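Asks: One structure, pasted below without further comment.
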């Protein structure tokens with residue numbers, strides 16, 4: 001300790017002042033020294049923040065963050081806003097996780113946190129032409145760092161945010177309505193609502209990987225600009241969707257149309273949807289058999305044109321419109337199927353899944369139990385092994401490792417050690433436990 005004090009006392013006062021300032025600024029505006037956040041992330045309060053060098057549309061930006069167990073940033077105070085302002089290159093445009101995709105005009109954070117702070121530029125949000133996603137503005141439309149709503153498929157920089165690894169229920173770690181319970185070692189466990197799993201209930205079990213959950217359905221997007229080699233004719237696209245357990249997408253509201261368009265973005269040639277009048281010219285029907293109760297056609301369409309019997313969705317004047325085209329053209333596509341818990345194979349160990357209303361039931365094979373048939377029943381619990389035998393649990397069975405001198409399923413049989421013994425004349429063999437004795441015949 002004396003040596004350390006001597007060194008500090010000899011340091012120039014200016015250098016000491018610099019060290020103090022670095023410490024203060026690091027504490028006030030985010031720390032890169034604490035080691036709590038992963039390398040490259042900055043800390044502010046109980047959260048870590050990352051601004052990648054990549055640019056992406058809103059959906060892909062969020063996907064990048066989710067792969068890192070994070071989400072697009074949510075902002076809840078002027079202090080947090082200033083932390084981002086101080087640490088970003090604000091000559092760039094950055095996506096934040098604020099959007100009204102779920103309900104037009106009602107903005108919410110993608111990470112599910114409360115909307116308790118905003119920093120809109122003057123006159124924003126204006127929702128011009130389907131502007132449903134929010135970015136921090138570099139100063140084009142108002143003060144630098146303020147928010148503007150924009151078209152979700154534009155490419156921008158973005159910010160990811162995640163909570164420092166929670167250690168107790170005080171950190172509110174459980175997501176999607178999960179209930180936190182403290183455990184004896186000072187940690188926590190989350191009791192998840194039906195349809196969610198994971199340590200923090202962060203995994204959506206309604207839709208498979210690469211499918212997106214919206215309302216009561218799951219959607220699979222193959223836009224042309226990202227999956228050019230997977231372009232299909234209408235029949236081929238419908239067949240692909242059916243092979244996945246669904247159909248080409250049917251659309252029944254403006255909100256659903258906006259949700260789809262915000263995921264496919266500007267895909268060049270557009271994408272197939274399941275609308276067609278091939279059965280009766282001029283009468284369009286959905287391939288999944290649902291009612292045709294909504295449409296949003298391209299200008300001057302539809303018309304009764306020969307060989308234009310299938311429909312694609314494409315960008316027209318900053319919104320998603322439907323256009324008739326020949327069914328033999330090749331485009332990207334969107335699939336849709338009901339969001340059910342059974343489709344994600346939530347039941348384990350070969351169990352049969354039965355869909356219920358907002359729930360499911362797993363019919364377990366013999367030997368398993370639990371909501372998802374995840375637990376191998378402990379067949380040793382009833383202590384079947386006798387005479388010191390050690391029980392080994394199997395699947396719907398058990399095995400007893402018997403002590404020397406015993407045999408049988410439950411080690412219930414004293415092994416006949418006299419079976420191979422021939423005693424001398426006048427003596428008989430008396431069986432013991434893992435032993436025998438030749439005694440005079442009485």
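For all residues, glycine too, the Cβ spot is worked out from N, Cα and C.
From TrEMBL, here are the annotated features:
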DISULFID  192-201  disulfide bond
DISULFID  364-373  disulfide bond
DISULFID  402-411  disulfide bond
DOMAIN    44-161  domain 'C-type lectin'
DOMAIN    165-202  domain 'EGF-like'
DOMAIN    214-336  domain 'C-type lectin'
DOMAIN    338-374  domain 'EGF-like'
DOMAIN    376-412  domain 'EGF-like'
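What's the neighbourhood like for each of these?
Replies: In three-state terms derived from DSSP, residue 192 (disulfide bond) belongs to neither a helical nor a strand segment and is classed as coil.
Within 10 Å of the Cβ of residue 373 (disulfide bond) there are 21 other Cβ atoms, across all protein chains.
Shown in sequence order, 385, 386, 387, 388, 389, 400, 402, 403 are the residues of the chain, 6+ apart in sequence, with a C-beta less than 8 angstroms from the C-beta of residue 411 (disulfide bond).
Across the residues of the domain 'C-type lectin' (44-161), the predicted structure has a mean pLDDT of 89.
Mapped onto DSSP helix, strand and coil, the domain 'EGF-like' (165-202) counts 3 helix, 10 strand, 25 coil.
Remark: secondary structure over the domain 'EGF-like' (338-374) totals 4 helix, 13 strand, 20 coil, with classes taken from DSSP.
Here the domain 'EGF-like' (376-412) has long-range neighbours at 349, 365-369, 432-435, meaning same-chain residues at least 6 beyond its ends whose C-beta is under 8 angstroms from one of its own.
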Asks: Enter the number of other CB atoms within 10 angstroms of the CB of residue 402 (disulfide bond).
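Replies: A count of 21.
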Asks: Is the domain 'EGF-like' (338-374) packed against any residues at least 6 beyond its ends, judged by a Cβ distance under 8 Å, and which are they?
Replies: 194-195, 197, 205-208, 213, 215-218, 245, 395-397
Asks: Between residue 373 (disulfide bond) and residue 192 (disulfide bond), how far is it from one CA atom to the other, in Å?
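Replies: Cα-Cα distance, residue 373 (disulfide bond) to residue 192 (disulfide bond): 16 Å.
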Asks: Counting only residues 6+ away from its ends, which parts of the chain sit with a Cβ under 8 Å from the domain 'EGF-like' (165-202)?
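Replies: Tertiary neighbours of the domain 'EGF-like' (165-202) are 46, 69, 112, 341, 346, 358-360.
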Asks: Measuring Cα to Cα, how many angstrom lie between residue 364 (disulfide bond) and residue 192 (disulfide bond)?
Replies: 21
Asks: Looking only at the domain 'C-type lectin' (214-336), what are its DSSP counts of helix, strand and coil residues?
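Replies: Each residue of the domain 'C-type lectin' (214-336) counted once, the result is 24 helix, 43 strand, 56 coil.
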